[in-house]
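These notes concern the structure reproduced below.
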Amino acid sequence: MDDQYLDAFIRESEEAITDLNNSLLDLESDPDDQAAMDQIFRTAHTLKGNFGAMGFEDASDLAHAIEDLLDAMRQDEMAVTPERMDLIFAGVDMIEVIVREIESEGESTTDTDEMVAQLRAVMEESDFDSESGETPDPAVAGGAGDPDGASGAGAGSGDTDAGAADGADDAAVEAFDVSAGDADGRVVRADVSVGEGDMLGVDAMLALDRITATFDLLDADPDREAIEDGEFEDTFALALDAPDADAAAAELDAIGAVESADVVDATDALGGGDEGDAGENDADDGGVGSDATGSPDPAGDAPQAASGDDDGASVDEIKSVRVDVDQLDDLHGLVEQLVTSRIKLRRAVETDDLAGASENLNELDKITANLQNTVMDMRLIPLKKVVGKFPRMVRDLSRELDKDVEFTIEGEDIELDRTILTEISDPLMHIIRNSLDHGIEAPAEREAAGKDPTGQVELRASRERDHVIIEVEDDGAGLDVEAIERKAIEKGVRSSDEIEAMSDSAVYDLVFHPGFSTADEVTDTSGRGVGMDVVHDTVTQLDGSVSVDSTPGEGTTVSLRLPVTMAIVKVLFVEVGDEEYGVPLKNVDEITRTSAIKQINGNDVIKHNDDIYPVVDLAERFDVPGTHATADADAEGAETAATDGGEPTDATGDPADATGEAVDSTDESAEAADGQVERGAAGAVAGAGSDAAAGAVDAAGPGGDEGMLVRIRESERQVALRCDAVNSQEEVVVKPLEGILSGTPGLSGTAVLGDGNIVHILDVVTL
């Protein structure tokens, strides 16, 4: 089997399964939701056809059994009950397992016979309405006359014409095995078109169900089974028992799946007929009887194109993206410019035209920047690619926990880089599971507290410049601060004195500590203390942040702040001994000399706007040999600080520098407004956050033995990094650390420079 076709089949099946799950959830919450039922049939029919076309007959039979059970529910022969929906969901889960096996092994070994037998057995429970015990009213069974119910291209069908009775001739009835006596009213012929879509059979099936809910179907050409499998060209013909041609035309015009229909009265062309046969015609060769409540048998395995929006979701890596044609055109245009620029640059070099080469390099820089932006945009995928599977998970888990939960999603069209989207799938799942298990109370407990017995869990996503904010909020019991404090002391995470000095928000952050859990017992859902620490680690590795806010008795909100894309990062290169490190430029707020260092209680710090920033010496942190000697100075400073009662001094212990002028972060030579940095000897120019190259700079020099300080933005971490020199800034492709190096404190990844050297990129949060 061609791998290309198999891969397309896998991707389409994944999307169809997610779409089917979500439509089934809509149907379960509202059994009268005709739009959900229509979508379910489209998707189930697609799965059945695709499995059959690819030769996976067992999976096709399973999808067929699910489709038939749903059809019985649609015809009101069975009620939509939680037990029956559980069985249908179990069948969908088995289909998902089969798809996974096909993806990994090329075939499936799952035995579907037992599941198919269970589905068929449920269909044998009752052939009548489950509540009244009577055959359902045909007018109810198909939702007749609903102009908006069909899932075609839109409401209304376009061109539907009714002809007079005397306009009919033998050609109008020659394909039908009917007589005038078969009808209580008039025998009407309708030639119906459902357009040229990829799912003719599904659209035709929907149209048939709607029209036969109002009028008896006397015969069809081709037969109904063939029509529902899409085995017709352009149009199919129906013989209907209707009051007149105009009534049939009006009904067809109200069906969205119908694109056009030509309707004529064929009664006179049929002649008399046996009145005693009226209403008893059971067509041969697969023909359809006149009972509009009969359950059609949508058999056959005609291949159909998979439907469903681009909201397939899986915890597996997202292996494909859909790209807009305009983006491909832009990419093609940029490649053409790139080729032209390369030729011009080579010609300038060959002719020693340095001015021309410089101009061509500037042009090349613009082209590559546009190329980079276009490619990065092509990697963006809507959040719904991941969160599409969450409603089903919430449904199953809330039933397992005996809780009533309403789950809503807002902002699912917000886009993120493919890599980030893949990585946050599991963390988001952990957060939602915690909300259900620990946050939302049992219905009785909620009622006792004056709350709605149905809990609310909402996932919201929004865009803030170059970041996406994802929040998971519940209206549950909230976090128990005292319980967290007790557990933190009990596990040795914090001391009693430390806990007492912590704010509530700082206490909440303790839930991200490895192995931390306040659950009294371990369940299959949670309680082992693994999950929230994984959330924190994963988000941090993605260069994001996570926080918790909670109000006791009202609920909890977990917020994730993530970069839209992370592949290319602008970094500031700093020198430490013979080593070079990269600091993400968006984390940098200011660069200054080490002469700004003061000491408090023996610790190096700097001041900025009355805030104290501890100094982290990169040479000591990474044990880099051959760096500036700080031991003696630190010892002397600590001694001086002790004699001065801990008052801030400079690194020499004297409140003034060598020139006698006081030095702190408010000195004009060291001060820089937010968003500005100073320039090192190599001419580094940096801007705060994502606004690169923002601000005036001071020729501070490389630092020499004195060294330099890189102050980190307060929103990231209130700290200053000490290095020997600040070299330059550059855009690099950051590769995350993998294997045993993954999660190394202080390092987020590596980058390969143009000269082939490898540079470590610092993680300022965990440094």
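Here the Cβ of each residue, glycine as well, is placed from N, Cα and C on the backbone.
What TrEMBL records for 125-134 (among others) is compositional bias 'Acidic residues'.
Here TrEMBL flags 142-157 as compositional bias 'Gly residues'.
Taken from TrEMBL, the feature compositional bias 'Acidic residues' covers 274-285 (among others).
Annotation source TrEMBL lists compositional bias 'Low complexity' at 294-307.
Under the heading domain 'HPt', TrEMBL lists 1-102. Per-class residue totals from DSSP over the domain 'HPt' (1-102), listed helix then strand then coil: 86 helix, 0 strand, 16 coil.
According to TrEMBL, the feature domain 'Histidine kinase' maps to 350-566.
According to TrEMBL, the phosphohistidine annotation covers H45. Of all Cβ atoms in the protein chains displayed, 25 besides its own lie within 10 Å of the Cβ of H45 (phosphohistidine).
As annotated by TrEMBL, region 'Disordered' applies to 125-167 (among others).
Per TrEMBL, the feature region 'Disordered' maps to 267-313 (among others).
The region 'Disordered' feature in TrEMBL is assigned to 632-684 (among others).
Mean model confidence for the domain 'HPt' (1-102) is a pLDDT of 85.
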